[in-house]
Amino acid sequence: MSQRTLVLLKPDAVRRGLMGEIIGRIERKANWSITALELRTLDRATLEQHYGEHEGKPFYEPLVAFMESGPTAVMVVEGERVVEGVRALAGPTDPIAAAPGSIRGDFGTIVRENLVHASDSAESADREIKLFFPGRG
Ligand code: CMP
């Protein structure tokens with residue numbers, strides 16, 4: 001089942017020089033391809049929309065500040081079961097709970113600075129792709 005998903009390599013991943021490592025893991029999966037990729041510093045308006053469901057939570061403001069703190073690699077990945085698949089590669093939100101072998105399990109220690117974002121459903125992916133790549137449908 002071919003799908004699309006929106007993946008962010010967060011500012012901690014870019015700052016730490018982990019883009020190649022993480023992109024390599026995605027590229028090596030069979031039947032997946034990266035169909036859009038751009039490095040950009042996200043603005044507050046975009047982040048407020050992206051993280052709208054978390055507004056008011058204690059971690060919201062520090063999360064937005066962190067996400068504004070430097071460039072993010074924004075990409076669209078397409079292919080076989082990518083929504084579930086990229087989330088499996090990433091591991092759970094808390095990097096300490098994430099198994100070694102996953103991106104967060106291998107490289108993260110802090111919940112906020114957990115290296116990657118991946119859409120949690122096909123519906124979220126459609127919404128997020130429209131937000132980050134307007135015009136791509
Ligand atoms: P993600 O799942 O990509 O999207 C929501 C983000 O909020 C999450 O990654 C973390 O970066 C951050 N986050 C979620 N829960 C917490 C928390 N309890 N403390 C700090 N940051 C959090």
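Each residue, glycine too, has its Cβ placed from N, Cα and C.
Curation does not apply to TrEMBL; its annotations are automatic.
Features as listed in TrEMBL:
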- HIS117: active site, pros-phosphohistidine intermediate (ACT_SITE)
- LYS10, PHE59, ARG87, THR93, ARG104, ASN114: ATP binding site (BINDING)
- 2-137: domain 'Nucleoside diphosphate kinase-like' (DOMAIN)
Other CB atoms, at most 10 A from the CB of ARG104 (ATP binding site):
23
Cβ packing number for the residue listed as 'active site, pros-phosphohistidine intermediate', 10 Å threshold
21
For the domain 'Nucleoside diphosphate kinase-like' (2-137), the averaged pLDDT of the predicted model is 98
Counting each residue once, how many in the domain 'Nucleoside diphosphate kinase-like' (2-137) are helix, strand and coil under DSSP?
58 helix, 31 strand, 47 coil
Rounded to the nearest Å, what's the C-alpha distance separating LYS10 (ATP binding site) and HIS117 (active site, pros-phosphohistidine intermediate)? Just drop the number here, would you?
7
Taking the Cα atoms as reference points, how far is HIS117 (active site, pros-phosphohistidine intermediate) from ARG104 (ATP binding site) in Å?
10
If you measure every Cα to Cα pair among LYS10, PHE59, ARG87, THR93, ARG104, ASN114, the residues listed for ATP, what is the largest value in Å?
21
